[in-house]
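Colleague: OK, Swiss-Prot features for this one:
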- 141: substrate binding site (BINDING)
- 154: active site, proton acceptor (ACT_SITE)
């Protein structure tokens with residue numbers, strides 16, 4: 001029997017990159033997966049198609065999780081389609097860097113709304129349906145430890161996420177719901193290609209600082225998330241796990 005057979009997972013921001021890899025990994029382990037997207041319907045549909053072609057179950061649901069009504073609608077769609085909810089992966093995130101002289105109110109609010117408020121709202125909605133053995137996994141970043149110039153706002157969101165996750169781990173523990181964090185290091189995704197990082201001197205520098213000597217891949221993160229979603233991690237809660245090739 002697959003590790004997640006009979007379970008239902010919602011993965012936010014799952015139309016590409018790390019989120020897409022997580023959705024596919026959970027489905028491979030037997031979960032029915034709700035592939036959330038904010039705007040990239042084609043990407044989400046492609047993830048669903050890949051999952052169903054491999055014999056899994058998945059649907060795509062559009063929602064901006066920084067909006068309470070939409071976050072609730074996402075969770076309700078999962079329960080309506082599959083009858084339950086067992087796993088929430090808060091992967092949606094915005095990463096934009098700016099020097100302190102260039103930070104604006106709009107920049108700050110946009111990033112905090114998705115990276116922090118979105119996690120709170122999705123978790124609030126999901127917590128009403130998660131039962132004993134439920135698992136919440138929040139995707140953070142090693143920028144909370146590796147203090148990069150121009151990342152003040154982004155790093156601030158991930159520091160807040162780590163703190164919130166610790167609080168929620170204690171708050172939801174009486175209900176036997178686990179809350180953990182996965183903090184990726186540098187991972188090659190569509191976003192790093194769009195930003196011009198992949199194949200650049202910056203990427204070479206990041207790899208040089210990585211003890212395992214290579215860039216991360218989305219599947220490197222997905223495997224850790226799949227473990228935390230499963231009953232193999234039943235005694236693990238309140239943890240921040242760096243999946244960074246040794247960067248800390």
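Glycine is treated like the rest: Cβ placed from N, Cα and C.
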Colleague: Return only the integer: C-alpha distance in Å from residue 154 (active site, proton acceptor) to residue 141 (substrate binding site).
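Modeller: Taking the Cα atoms only, residue 154 (active site, proton acceptor) lies 9 Å from residue 141 (substrate binding site).
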Colleague: Given the recorded positions 141, 154, which one has the fewest other C-beta atoms within 10 angstroms of its C-beta?
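Modeller: Comparing Cβ neighbours within 10 Å for the recorded positions 141, 154, 154 has the fewest.
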